[in-house]
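Trainee: Checked TrEMBL, it gives:
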| type | residues | note |
| --- | --- | --- |
| COMPBIAS | 1088-1099 | compositional bias 'Basic and acidic residues' |
| COMPBIAS | 1101-1114 | compositional bias 'Polar residues' |
| COMPBIAS | 1116-1128 | compositional bias 'Acidic residues' |
| REGION | 1064-1083 | region 'Disordered' |
| REGION | 1088-1133 | region 'Disordered' |
| TRANSMEM | 40-64 | transmembrane segment |
| TRANSMEM | 176-195 | transmembrane segment |
| TRANSMEM | 215-235 | transmembrane segment |
| TRANSMEM | 256-279 | transmembrane segment |
| TRANSMEM | 299-321 | transmembrane segment |
| TRANSMEM | 333-353 | transmembrane segment |
| TRANSMEM | 406-430 | transmembrane segment |
| TRANSMEM | 850-872 | transmembrane segment |
| TRANSMEM | 910-929 | transmembrane segment |
| TRANSMEM | 941-963 | transmembrane segment |
| TRANSMEM | 969-993 | transmembrane segment |
| TRANSMEM | 1289-1309 | transmembrane segment |
Amino acid sequence: MEELKQRGEKRDERHRDTWDPFQLNPVGAKKEKGRGCFQVAQYLVAFIVGLAVLTSAVIAKGSLLVMSTLCSKTSLRSPKEKQFYTLMLVFSLVFPNFLVFIKSLWRCTFKSFVNPNKKTMLCICAIECLVSLGTSVLVLVVMPQFDVLTNLFISGGVCICSAFMQIVFRLQREKWKIIFPICSLFFTLAGYGLLIFDYHVRVSLYVDRQSSDCFVYIGIGIASSLLISLCWWENPLQATNRLQDKLSELDGFRDFVFVISSILRIIVIGGVYLVYHWLIQRSIEWSDFNLNEDDWRLLRIGLGLFTLQAFCSAACHWLGVVACKIHAVKMSFAMPVCCTGPAVLLVGMILFITQVEELEGANHGSLMEFCESLVFIRNEDTTPVVILEISRSICRTSLNSYYLQWPFSVLALEGVCMWLGFISCTYYVWKIKVQRIERTSQLFVRRLYESAFIDLSLLLNTKMKVSRAQTNESNDEMQNSVIYLCATMWHETYDEMLAILTSMFRLDRYRGDPKEKHNDCFDFECHIYVDDAFMTEKGTEKRLVNSYVEDLIHVVVEVYRVFTNKEPDDVSIIETPYGGRLIVVMPDGNMLFIHLKDKCLIRNKKRWSQIMYLYYLLGWKGYIVKNPSRIPNHNNPCKSHLISADGESFLMHQYNHDNKRRFISDDNTYLLALDGDTDFQPKAVILLVDRLRMYENVGAACGRIHPTGMGPMVWYQKFEYAVGHWLQKTSEHVFGCVLCSPGCFSLFRGSALMDDNVLKRYTTTATRAAQYVQYDQGEDRWLCTLLLQQGWRVEYNAASDAYTNSPQEFKEFYNQRRRWGPSTLANTLDLLHSGQETVKKNTSISRFYIFYQMFAVGSSILGPASVTLMIASAFQFVLKLEGTISIAIASIPPVLYIIVCFVANSNNQITIAALMSVLYAFLMTASLFSIIGDMVVEGTFLTPTGVFLVSMAIMYVVTAILHPKEFGVIVYGLMYFICIPSGYLLLTIYSLVNMHVVTWGTRESNKGGGEQKKNQNVMCDRNCKLCCWDMKIQITQETEHPMLQQIMGQRELTMTALTKHKDTQEIQGLHTKEETVEESKQLVTDKLKNKTAKDKDTDSIDSGNSINKRSLSMSESDEEDEDEDESSDTVGRPVSDWVIPVKDLFLKKLSFGNIKRNLEEHIRCALPNDRYDEVREELVTCLAETLNTLVNGVGPEDILTKNQLAELEYALTERARRILKNNKMKQLESKIMREIGKTLIAPQVEKLDEGEEDFWNKLIKRYLKPIENNKAHEEEVTRELKSLRNKAVFLYFIINVLWVVATFFLQAIGSDVISIKIPKLYPNGTGSGEFLKVEPLSLMFLLSFAVLLILQFLAMLYHRIYTLIHVVSYRSKEKDYKPEDEEEEDEGLIMENIVITGDDFFQ
């Protein structure tokens, strides 16, 4: 209700100024508000992740301590059990090394391999061997000698090396923070001293018959800790920027080093185990490894502890990475990891206190009696082994002393010192700042984790200084980037244009407002390229913009008004060699360029528009930013227009981003490819930018495309798009690279497009048949193929949503897919053909991925045969026919449709396909219910068909549940199922047979280009024949009196028409010729002296027709001068015919009602601060009063003349000066003057810079010159296309026929001869005694398809997890719309000693 009231109040305000206050309200035009539910969800996720980190760390650390206790020399277990538990300890140490070995070997084999530097590799391997030696000695040799509490505390000493290097290299930004590593060393050494003292007391007091050889193991333990502390040697060195060349070199072949070092570490672990336990202790009995049935308890406990330790340590490491990536470093990472040791101690004590009562047979009197009684219950089967051994281990401490128990406090103090030691050493973790999305390698030094010390490993492995944006410097800010939004338009409707313009203005509001905080460092420009934008006016032969361009201009004005409640402030019209350009400054200062393409001057269609903006934005603008002296008007700011963003003015808006881009590399220059109907939110763009910022080898990234519209065809596409993105695109992203980044919403890296063999190759003009199919029918896929072949990665971000209109008619859908199908196949085959070379260049494409794509292509080629066999099965189910007969019947319709496609025209082909699709839909529906009925009759679904159908349904439902925002799409799955024959059989046939047709097939409207624009106010338009003359009589109503009669002959003979006087002639534009300033001032002075004076001319007509009349203060000579001005630009050069009509479309801004509203909005935006409330309201009221006085009698829709504008400017500025002077706010004068000037400025006709004009002329001549139709060449291309079509159809036909024939003969031979027998099972698992007979060919294909779906499903799960991480990290860094403190206003805007005033707006 509140929202309705607010809209009503705004409408009432508009109604005071015009009789047409009604406006559109596009979806998403409102300012985004922070949603509390997202914040709650963010904290909930952070809490869950933190709890999971703590839990997994406690379990991993506790499991290791329990295993070391079970294999202790004082353990109550038998030697066989100790030997087994020791082996589990070995496996626990080996497991993380094995994981790293597998991952590194995979990357070396399938990703990339770099020859290592032998010296560097030897050094790294030597350090890894020392670390592995220290770890294995400490865990396998030292820890079994001590009690569980000592083992918990002793591991804290592994931070010695890190603390020492922090002191030596002075890594602290603030000098005082050096106290942290010093304290770390002090606490660690103190802890070791207390450890020695504790055991000295134990030996002296004969606690548990402690021997003096414990000091040897203490020394070995300290030495082992020193060796282990070498594990994180890279962290301090990276923070100091020392040895950067070596470390950078190491990053290149790190995977190979990990392969070798993992093997060496495993060998060292095994060597320590064998040397100590076999050669020294001689405790290994090889026969004890043969476990029998009596050892089930041993096996269960040992494997259970190992599984818990291995899984939880790996999970803790991964969850720690997740916690950092979602920006919950303190809450979900640092705090849980730091609390792991105390949590393990607390949990252990709770278990000891609560579970000790379950030790039946133990004496629960004093602690000494309890400890002595444990020996007698060690062989009891009912005794909990873990509790017993933990209790026995605690009895080894000073608590079990007959003399003194105070030394136990020494052990406790030792634990506190060790804990404080590594906490103070890793203090930097609490202050680490993470970008919205970070690579794991940017957060952690090593890929390997130490499972024995998982908490210490995570903290010490965290980088002391996170490198930013591919540099080794510590920056808290991301590198700035520039984004060019490039939309191509081709006959879009008004609503489609409204969607794309609203999206652009949303991004302008998100990024451009300088009074609001934002966390994204980027600048952007919007470019719209309108194909076929011009038409020839009938009769005059003038080249004018068509109705699509007029609609686009209306949409720009409408959206601008919705976002700002005013008209566009700064509009420029420029003639260009390719047609024309409109420049509009969006409300918050970002630029919107509308490029109008004339197909007579430049090539038409989407690919050539893409080449046009790629060369312009990357080629030309990249050239001038590398040569700053060539930036136009760079040193002449007074000649440039001014723009406004909430009252702040800037110079040279069209060159501002060019100047900024000087400091931005091509790697941080991005192009967002859009269609003319794409609808998106700013979040979607930022999420794509994150992918390119995080990985320097990502050349493109696409988002989740949602088709919009209504009707059955849209329902089918909704589910098709969903399945394609849920399973296909995610599997491509996970296993390799996305093959197609759609042009409706994809972000490309500038340096990737500028790479060799990409943009240059993309300009190739198709001359052969295969090129027409691959290049022009699917340009987006071909561009991605070029990127992949050059080694760039293409990714998919499921959280980046965009919406685009989809075909709603059957014919339009078939024509669209007729282009996409052959192009997809051609580009995929091209990639597979160059697979060996692509694998070498592209680290993201492996041989496995090439095989995966080969299998997918094979499945696609066999699609028609598979659908035919599925239809044959439907005949079997529904009509109870034999297999051979059903296959024969099912094969007849496809063959007939192939013949129809060869002999009939396209429209008839589609009509017949539509009819067949309906019949197939009925058959598929009957088949579905028959299959369900058959499962009910048989009493089981455990048949190949039943299992496959049920599994598919479950998989799609689970997938939809994992996409909660899109869950409703699952409803359209039934529509998709019954349309499978149409989509995979008939459509495939139609696409192949019509491969020779290379027209676009969609939006083929003649509204904009084919028709010629008619004169307005035509009353009569007749073609007559008089004697031998063909004559055209056209009568138009130009005025209220005489009519103009125009007679045009066949030879274009024209006669001069009668015209009447210009008393009430319609205004066509703002007249830029100025009256003298003295005359304007005198007129205004006279009016101000007598506010009640009436207008000189009282013959004005009703305001309802006011837009068609001139201001009454104009003289007849003024009108003549203005008409002359309309035909030339600011420098006197004649302009094209289309310029003035386009200029007229923007002139509504200068109507009385709009000027009044615009002025109020400008004043309010210029003075947004609360301290200006009084003067702001006074200015608004008084200036509105002055405006009403000066233009008394003018209707709200009347466009003011130049005299009136000059009078207004002088009067408003004088009134504003007096108000500011009275309020003692002279410092605001220049600012208010600028706002008044901007309110009264008209669209400017400008001249293109000479350098840029030369660029366009040469670009068109070299790449974009309109293709001249050569009849002989066309016939040759048509012949080649038909030949290619015939070959493709023949290949498809033969492959599919062979598959169908093979199945047919297997059916004819009989299931008794060649078949696979599958036992028939009921859902409860019991057998029926019957067997199901399945042909091996069908079963093989079914299993292959099932394996493909399982792989895609697993890839989807993996992708979902990382999408969730990205979304949570975005929400935590999302823009917060909170105004910043406003800075003090200056006396005026001064740049380079030049003071800019309102007069400069008319330069």
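Count begins at 1; order follows the chain as displayed.
Cβ coordinates come from backbone N, Cα and C, glycine included.
Automated prediction, rather than curation, is the source of TrEMBL annotations.
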Trainee: May I ask for the residues of the chain that lie six or more residues beyond the transmembrane segment (969-993) and have a Cβ under 8 Å from a Cβ within it?
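Mentor: 712, 715-716, 718-720, 722-723, 814, 817-818, 821-822, 863-864, 866-868, 870-871, 894, 897-898, 901-902, 909-910, 913, 916-917, 920-921, 923-925, 928, 956-957, 960, 1285, 1288-1289, 1292.
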Trainee: Relative to the transmembrane segment (1289-1309), which of 40-64, 299-321, 850-872, 910-929 accounts for the most Cβ pairs at distances under 8 Å?
Mentor: 850-872
Trainee: Hey, would you say the transmembrane segment (299-321) packs against the transmembrane segment (215-235), going by three or more CB pairs under 8 A that are 6+ residues apart?
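Mentor: The answer is no, given that the two segments have fewer than 3 Cβ pairs within the 8 Å cut-off.
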Trainee: At an 8 Å Cβ cut-off, counting only pairs 6 or more apart in sequence, do the transmembrane segment (333-353) and the transmembrane segment (40-64) clear the bar of 3 or more pairs?
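Mentor: Counting Cβ pairs under 8 Å (6 or more apart in sequence), the transmembrane segment (333-353) reaches the transmembrane segment (40-64), since there are 3 or more.
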Trainee: Using a Cβ-Cβ cut-off of under 8 Å, list the residues of the same chain that are 6+ residues beyond the ends of the transmembrane segment (256-279) and lie near it.
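Mentor: For the transmembrane segment (256-279), the sequence-distant neighbours (Cβ-Cβ under 8 Å, at least 6 residues beyond its ends) are 83, 86, 90, 93-94, 97-98, 100-101, 103-105, 108, 113-114, 116, 121, 124-125, 128-129, 131-133, 135-137, 140-141, 250, 447-448.
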Trainee: For the transmembrane segment (40-64), give me same-chain residues lying six or more residues beyond its boundaries with a C-beta closer than 8 angstroms to one of its C-beta atoms, as numbers and ranges.
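Mentor: Answer is 89, 92, 139, 152, 305-306, 308-309, 312-313, 315-316, 319-320, 322-323, 326, 328, 331-333, 335-337, 339-341, 343-344, 347-348, 451-452, 454-455, 458, 1364, 1368, 1371-1372.
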Trainee: Quickly jot the same-chain residues contacting the transmembrane segment (215-235) by Cβ under 8 Å, restricted to those at least six beyond its ends, or write none.
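Mentor: Hits for the transmembrane segment (215-235): 127, 130-131, 133-135, 137-138, 141-143, 145-146, 154-155, 157-162, 165, 192, 195-196, 199, 247, 445-446, 450, 453, 457, 460-464.
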